[in-house]
Amino acid sequence: MKSGCSRTLCSASLLLLVHAQPLLSQTDVKSKALAQVFSVGSNSHGELGLGTYQPTTVPVACPKGPFNAVRAFAAGYRSAALTSEGKVYFWGSSWLHDLTVPGDGSYNSYHASAATTIDVPNPTLLSSMYSNVIAHVAAGSNHLLVSTDRGIIFAQGENRFGQLGTGDIENRDGFEQIADFSDSLVVDLQTSLQNSAAVLGNGKLYMWGENTYGQMGLDSEELGSASRGVFRVPTFIKTLEKHFIVAVSLGTQFIVVLDAHGNVFAQGRNDFGQLGLGHYDPVPSPTLVSQVPNVVAIACGLHHTVLLNISGDVFVTGSNSAGQLGLGDQKQRNTFTHVQFEPQVVCDTTDSSMLQGETA
Ligand SMILES: *[C@@H]1O[C@H](CO)[C@@H](O)[C@H](O)[C@H]1NC(C)=O
């Protein structure tokens, strides 16, 4: 995926991490089976987890774990994986000072790419989180959020946009607890470069980070004097309180939200038509995407959006400079456009039928 989108593809038996540049966003796909992680793409900071800094154009299995991975994440120059036991492995460009590095236990064997980051080319256990069972991981290009099975959120990394939710804009080398949602638990945790978001088990959405394009979707009362400023703590998005939110996805300064009825709301930056509302103006409050009902999954790239409806049909809008919309051209769209998949013929000995392709 050229245009800045990194994706995790998976089948029942493997997780494939695809790294391409420039990368600012991540998507992830859950695998039902325990999985071997394979990586492909750029590797300048060890983000493929192969113990080297050589890029590859074919998927290569990560030999040193992570083991029993259920999800893998590619984000910028870094990667992470969550195991079936709730442990997090991490590799690539890192701000972390709490990794257990195999070997001599120091970072000196890894080359420092900048004063404040180190490169860790092998999947490494996040030892500081060891006493917690991690349920969700969200990897921004320079920050990491994890939430535990008890609804506690920790954040670490870069914080210039307030994206850590610590109440300030100081970077954090180690993990800091930023929220305790133990009364409702966390069901979705997502980030972009500028923002972070959590969906709770009670259907409420919290966001934090910057708000240049109104992507936080706050009303004027919530905005207060902060106007389009930076929101440094997890902030309840009241404009969506009448809707039971089940998922959120963050692009570059825009966000897309899914409710329990399959309705999609979009807000924020829209200069590529990424909100799919038929125009290119920024939208500072959550706006229903009435064109596509019955949605079950949402995903934002850097400047484009993908929706999946309950029948398995895929709709796309936004930037298409690298053909990332899958429409066979490189023209951007500002309304959701149905993706036609090549029909796939599936045969067995008794029957053969046409099945529609699915997105990974
Ligand atoms: C999903 O999208 C397809 C293509 O537009 C449409 O024919 C179908 O009715 C949609 N399914 C639902 C349940 O809305």
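Glycine too: its Cβ is placed from the backbone N, Cα and C atoms.
Where the annotation comes from TrEMBL, it is an automatic prediction and has not been curated.
Using DSSP to sort the residues of the repeat 'RCC1' (35-85) gives these counts of helix, strand and coil: 0 helix, 26 strand, 25 coil. The repeat 'RCC1' annotation in TrEMBL covers 35-85 (among others).
What TrEMBL lists as repeat 'RCC1' is 86-150 (among others).
The repeat 'RCC1' feature in TrEMBL is assigned to 203-261 (among others). Counting residues per DSSP class in helix, strand and coil order gives 10 helix, 25 strand, 24 coil for the repeat 'RCC1' (203-261).
Annotated repeat 'RCC1' per TrEMBL: 262-311 (among others), in sequence order.
Annotation source TrEMBL lists signal peptide at 1-20.
Secondary structure of the repeat 'RCC1' (262-311) per DSSP, as helix, strand and coil residue counts: 0 helix, 24 strand, 26 coil.
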